[in-house]
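Residues or ranges marked as [2Fe-2S] cluster binding site by TrEMBL: B:78, B:83, B:119, B:123.
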Ligand SMILES: Cc1cc2nc3c(=O)[nH]c(=O)nc-3n(C[C@H](O)[C@H](O)[C@H](O)COP(=O)(O)O)c2cc1C
Ligand code: SF4
Ligand code: FES
């Protein structure tokens with residue numbers, strides 16, 4: 001079924017497997033020319049944090065160092081996200097093309113795709129595509145090679161600095177920031193790390209021009225976005241849509257008529273209750289009206305038969321397990337939040353405990369070392385505040 | 001132990017002996033032996049000139065690397081929210097009854113280890129599991145019975161064949 005209101009786009013998945021002509025053409029352009037086009041497009045990272053991609057490439061190109069790296073982040077572990085798998089299955093050539101152009105811009109000879117262990121079944125097929133792509137690079141005269149590095153089941157390794165640690169044979173524990181990867185990434189060398197979808201978008205931008213990409217979306221959120229839609233929906237799946245839609249519109253197209261809440265951005269994102277659908281816009285923080293919510297693309301719908309306590313409980317179990325344990329606010333905080341809501345539910349702790357837990361989550365946002373611990377408060381606060389009775393009774 | 005030494009040196013040949021080679025080497029051992037024994041980790045430490053504590057530290061960080069023996073096939077059942085909403089618990093019950101094990105245990109015949117895991121990136125077609133590297137989606141108790149039976153038949157056939165070769 002096609003969405004009724006929202007226009008489905010077909011940029012990313014458009015069947016263009018022969019990327020060789022565009023790769024040759026783009027590699028022949030000047031570095032500044034390429035970077036400026038990327039900056040003009042307004043493309044921001046699709047891995048969740050939304051850093052401007054053109055600027056990231058420029059900073060890395062300008063960073064001192066002979067050794068530089070391009071890494072494609074295919075660790076996709078955020079609950080409710082499956083778009084990167086789909087992109088790697090259907091249009092891997094575009095991702096490789098984006099990596100190659102980036103390599104030319106920053107001066108990298110080696111690139112990696114960090115593929116999560118859960119996607120090992122994609123490996124053989126992807127390797128074949130890479131082998132074929134290397135021939136295209138040789139023809140174009142770009143000395144650049146791409147390797148697959150397999151993850152081994154750790155959500156935290158999607159965090160960029162944990163990912164570098166993992167590739168270096170260490171425990172996947174995030175590093176302190178700064179320095180940022182653009183200065184000091186894999187092997188302490190300047191590194192561009194981009195999400196799978198981000199890289200695929202760069203291909204479309206080089207192919208169709210920055211203007212076309214900029215025309216899509218709104219204000220600070222340009223272009224299209226691949227959404228992973230799951231939960232209580234008659235039409236679960238992958239959808240490429242324009243940025244800037246209201247959640248109301250989204251629910252009209254994807255809900256089952258009884259949608260009570262939507263979790264935007266996975267377990268580390270926000271839960272939006274029905275009364276806020278109209279005011280919530282999907283896009284990066286910027287000059288949007290109402291509340292704008294950034295997202296890696298995970299959209300989970302819940303209907304009125306679902307207990308939001310169970311949803312939150314499931315998320316907290318996820319965080320307890322996936323916390324790398326390196327810093328106290330996150331290691332202890334996630335466990336205390338989980339025990340706390342269990343205690344309240346069983347009636348062993350008073351409902352006022354929820355307020356103390358909200359404070360704790362806020363403290364974690366301020367004191368945790370990396371994005372995992374910092375973002376637990378997103379889902380925790382948005383669920384507890386909007387569905388307080390469900391936490392108690 | 002001798003076989004192990006050969007395996008580790010073959011993997012070191014392929015992936016190198018730098019610290020960076022550690023994860024691919026551990027993954028390679030696990031693919032072969034189904035788990036990382038103490039002997040294997042000692043051998044890796046020797047080959048890469050690391051302390052065994054360093055090897056153990058890395059190995060135990062990753063949920064797909066295990067330091068206790070596992071069955072021939074590892075079933076990982078997604079326990080994250082949308083799979084739960086789409087029948088994960090019924091699936092788990094079916095698997096526990098079928099295999100006569102609980103989560104974390106290995107079947108008496110050593111064929112399967114049953115585990116739970118976090119989101120497998122198949123949420124639009126849950127409930128989902130991985131058996132080793134292979135994803136199975138849109139599962140029902142009926143379908144999982146058929147899938148498990150297929151693995152069992154294949155194993156029975158293989159052991160028959162290897163019996164023939166040995167005799
Ligand atoms: C806990 C955690 C997990 C993350 N997981 C992923 C991931 O699976 N894939 C991804 O692309 N980015 C992930 N990120 C974001 C990366 O750190 C990084 O910002 C991103 O790969 C940059 O690429 P982009 O600019 O193209 O978005 C994660 C961040 C955190 C804090
Ligand atoms: S916030 Fe959590 S995941 Fe991040 S470094 Fe601290 S313990 Fe590790
Ligand atoms: S929730 Fe089970 S695969 Fe994502």
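For all residues, glycine too, the Cβ spot is worked out from N, Cα and C.
When the C-beta distance to chain A is held to under 8 angstroms, the binding-site residues B:78, B:83, B:119 reduce to B:119, listed in sequence order. The 10 Å shell around the Cβ of residue B:119 ([2Fe-2S] cluster binding site) contains 28 further Cβ atoms across the protein chains shown. For ligand 2, none of the binding-site residues lies close by, meaning a CB under 6 A from one of its atoms; the full candidate list was B:78, B:83, B:119.
The Cβ neighbour count for residue B:83 ([2Fe-2S] cluster binding site), using a 10 Å radius over every protein chain in view, is 28. In three-state terms derived from DSSP, residue B:83 ([2Fe-2S] cluster binding site) belongs to a helical segment.
A sphere of 10 angstroms centred on the C-beta of residue B:123 ([2Fe-2S] cluster binding site) encloses 30 other C-beta atoms.
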